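Chemist: One structure, as structure tokens, below. Some questions next.
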Amino acid sequence: MAFLYREPLERPGSRLRELIEKRDIIVAPGVYNPAVALLAERMGFEALYLSGAAITGSLAMPDLGLITLSELAKFTQYITRVVRVPVIVDADTGFGEAINVERTVRELERAGAAAIQIEDQVMPKKCGHLHGKALVSPEDMVKKIIAAVGAKRDALIIARTDARGVEGFESAVERAQLYIEAGADIIFPEALTSLEEFREFARRVKAPLLANMTEYGKTPYITVDQFREAGYKIVIFPVTTFRASLKASEKVLREIIESGTQRNILDQLYTRAEFYDLIGYHEYEARDAEISRKAEEVIRGRQSHAKG
Ligand SMILES: C[C@](O)(C(=O)O)[C@H](CC(=O)O)C(=O)O
Ligand SMILES: [Mg+2]
């Protein structure tokens with residue numbers, strides 16, 4: 001179905017809440033453009049994660065909170081008008097203090113976000129799996145959560161704590177408990193370092209939990225089944241599709257340099273037919289033909305009117 005003619009998903013936050021209640025676990029792959037989002041939806045993923053790292057990466061920028069709210073809202077809009085599954089939006093530190101967070105939540109919700117994620121780092125924020133992060137005080141984060149919860153209509157508010165890598169595991173648990181009291185719907189403990197830590201966190205933090213299964217970070221490779229058993233409701237693979245597309249591009253670029261043709265790797269490309277099918281290309285042609293038919297009817301009607 002051509003996305004242009006699809007009705008947008010109404011109340012995406014409620015849809016995500018429903019999935020959290022109905023499913024054992026939700027796998028949300030990271031997406032950074034509408035084509036990848038459409039592909040993931042088609043392959044059966046019931047929720048998507050609009051990753052800050054992947055978006056900024058696609059703009060050839062580091063994940064340091066350099067993009068603006070308007071840019072993120074635009075990315076969100078481009079993606080939510082293509083897919084009908086709920087999209088979780090990574091809003092970094094919320095684009096300012098509590099008062100700014102209100103506006104952030106309003107804008108992103110209006111752009112179609114089902115859930116909005118805010119983290120407790122200071123700016124410039126960093127990837128949660130790096131050294132040298134710093135946190136805002138628990139009070140300042142609580143203010144942001146209160147602001148977010150007060151501003152949302154239907155979206156879920158995800159509070160991410162980066163405390164594990166800065167203040168330690170106990171602090172991550174304490175902050176999470178505080179963030180739940182402030183009204184957060186979902187807790188995202190960033191950069192836990194073992195499956196046992198994920199389990200312990202879930203034993204002590206009573207809210208729907210999101211696990212981040214990113215690559216090359218502080219978290220070892222844990223499967224979806226293991227996260228499910230540990231008590232997690234959502235698992236994100238935030239940057240995997242972005243990294244895969246860069247690697248695939250590198251490969252074909254090398255092939256062109258080395259053999260001067262792509263002929264030998266056509267089986268590794270998404271074909272024209274596959275792509276047209278993905279975006280519903282033929283529906284655009286059909287619509288255009290229908291418009292021409294209607295125009296002809298109008299013209300013919302006028303001519304017969306003139307004759308008569
Ligand atoms: C989840 C994350 O916030 C993202 O922007 O996708 C990143 C992912 C990553 O850098 O691997 C994060 O800070 O963990
Ligand atoms: Mg991020």
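For all residues, glycine too, the Cβ spot is worked out from N, Cα and C.
All TrEMBL annotations are machine predictions without curation.
TrEMBL lists S51, G52, A53, C127, G128, R160, E190, N212, M213, T214, R243, R272 with the feature substrate binding site. Summarising the annotation, TrEMBL assigns Mg(2+) binding site to D90, D92.
Could you tell me the structural context for the features on the list?
Modeler: A coil conformation is recorded for E190 (substrate binding site) in the three-state DSSP classification, outside any helix or strand. Proximity of E190 (substrate binding site) to non-local residues of its own chain (separation of 6 or more, Cβ distance below 8 Å) is seen for E119, G128, H129, R160, T161, D162, R164, G165, N212, given in sequence order.
Following the DSSP three-state reduction, the secondary structure of D90 (Mg(2+) binding site) is strand.
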Chemist: Can you list which of these binding-site residues (A53, D90, D92, G128, M213, R243) have a Cβ closer than 6 Å to ligand 1?
Modeler: A53, D90, G128
Chemist: Would you mind pulling the DSSP three-state label for M213 (substrate binding site)?
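Modeler: Reduced to three states, the DSSP call for M213 (substrate binding site) is coil.
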Chemist: Any of the binding-site residues A53, D90, R243 with a C-beta atom under 6 A from ligand 2? Give them in order, or none.
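Modeler: What lies within reach of ligand 2, judged by Cβ under 6 Å, is A53, D90.
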Chemist: Could you check which of the binding-site residues S51, A53, M213, R243 is the closest Cα neighbour of D90 (Mg(2+) binding site)?
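Modeler: Spatially nearest to D90 (Mg(2+) binding site) by Cα position is S51.
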Chemist: Within 10 angstroms of the C-beta of M213 (substrate binding site), what count of other C-beta atoms is obtained when all protein chains are considered?
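Modeler: I count 20 other Cβ atoms within 10 Å of it.
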Chemist: Report the member of S51, A53 (the binding-site residues) whose C-beta atom has the most other C-beta atoms within 10 angstroms.
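Modeler: That would be S51, with the highest Cβ count within 10 Å.
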Chemist: Calculate the distance in Å between the alpha carbons (Cα) of M213 (substrate binding site) and D92 (Mg(2+) binding site), and round it to a whole number.
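Modeler: M213 (substrate binding site) and D92 (Mg(2+) binding site) have their Cα atoms 17 Å apart.
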